[in-house]
Amino acid sequence: MSHIGEKPFKCELCDKRFSRCGDRNSHMRIHTGEKPFKCEFCDTRFSWCGDRNQHMMIHTGEKPFKCEVCDKRFSRRASQKKHMRVHTGEKPFKCEVCDRRFSQCALRNSHMRIHTGEKPFKCEVCDRRFSQCALLNSHMRIHTGEKPFKCEVCDKRFSHFTNRNNHMRIHTGEKPFKCEECDKTFRSSQHRYRHMMIHTGEKPFKCEVCDKRFSQCDNRNRHMRMHTGEKP
């Protein structure tokens with residue numbers, strides 16, 4: 001029996017020490033890869049009993065960890081703690097480049113790719129690459145034609161959640177995006193952005209023939225027909 005603070009049991013591979021023999025033996029599985037604990041439903045194996053028990057809740061539907069604010073329940077304590085940041089506003093994960101803060105490590109890591117330019121997610125159809133898995137999944141609908149988001153009023157379907165929401169405002173009349181210069185309101189942030197160019201003088205759309213620039217894509221395209229002779 002060890003005294004308080006004493007750690008007589010040493011890992012023979014990394015020299016980490018433990019106060020109990022069982023803890024040392026459990027730690028050794030990091031090195032050996034041993035996974036003695038098996039899920040009774042899907043045969044997935046785990047190195048630690050606690051991890052196996054938490055995994056089992058996926059199958060049983062058990063959610064013992066409850067949010068004390070909104071009563072939402074979770075199968076994992078870590079998921080409950082992560083959810084609590086919705087209520088507390090805590091953002092412990094900071095971008096080392098621009099100091100923007102995030103409530104989740106995964107969100108911070110995803111944001112970091114803006115700075116690094118890393119795009120690890122590749123479309124298997126056209127080889128286009130993306131910085132986020134969600135962007136890849138959204139892009140894949142171009143190839144599959146999937147339109148999972150439906151307008152509840154007219155049943156029109158959309159491949160993107162934001163496009164469905166923007167469309168819904170045709171029915172509701174909602175225009176939540178306001179120009180800060182003239183107070184004109186718009187259904188989507190894209191429409192507001194396009195309108196703002198009237199005030200800023202920005203002209204991002206260039207004629208490839210004569211280099212004349214336009215604030216609106218449609219205006220540039222109409223102008224291009226002067227060169228091509230195309231009739232609308």
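Placement of Cβ uses the backbone N, Cα and C atoms for every residue, glycine included.
Note that the structure is a prediction, hence the values are computed from the model and not measured.
Record features (TrEMBL):
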type	residues	note
DOMAIN	9-36	domain 'C2H2-type'
DOMAIN	37-64	domain 'C2H2-type'
DOMAIN	65-92	domain 'C2H2-type'
DOMAIN	93-120	domain 'C2H2-type'
DOMAIN	121-148	domain 'C2H2-type'
DOMAIN	149-176	domain 'C2H2-type'
DOMAIN	177-204	domain 'C2H2-type'
DOMAIN	205-232	domain 'C2H2-type'
Below 8 angstroms Cβ to Cβ, which residues of this chain, lying six or more residues outside the domain 'C2H2-type' (9-36), approach it? 2, 45-48
Counting each residue once, how many in the domain 'C2H2-type' (93-120) are helix, strand and coil under DSSP? 12 helix, 4 strand, 12 coil
At a C-beta cut-off of under 8 Å, are there same-chain residues at least 6 beyond the domain 'C2H2-type' (37-64) that contact it? List them, or none. 26, 29-30, 73-76
Sequence-remote partners of the domain 'C2H2-type' (93-120) [C-beta within less than 8 Å, at least six residues beyond its ends]: 82, 85-86, 129-132
With DSSP, how much of the domain 'C2H2-type' (149-176) is helix, how much strand and how much coil, in residues? 12 helix, 4 strand, 12 coil
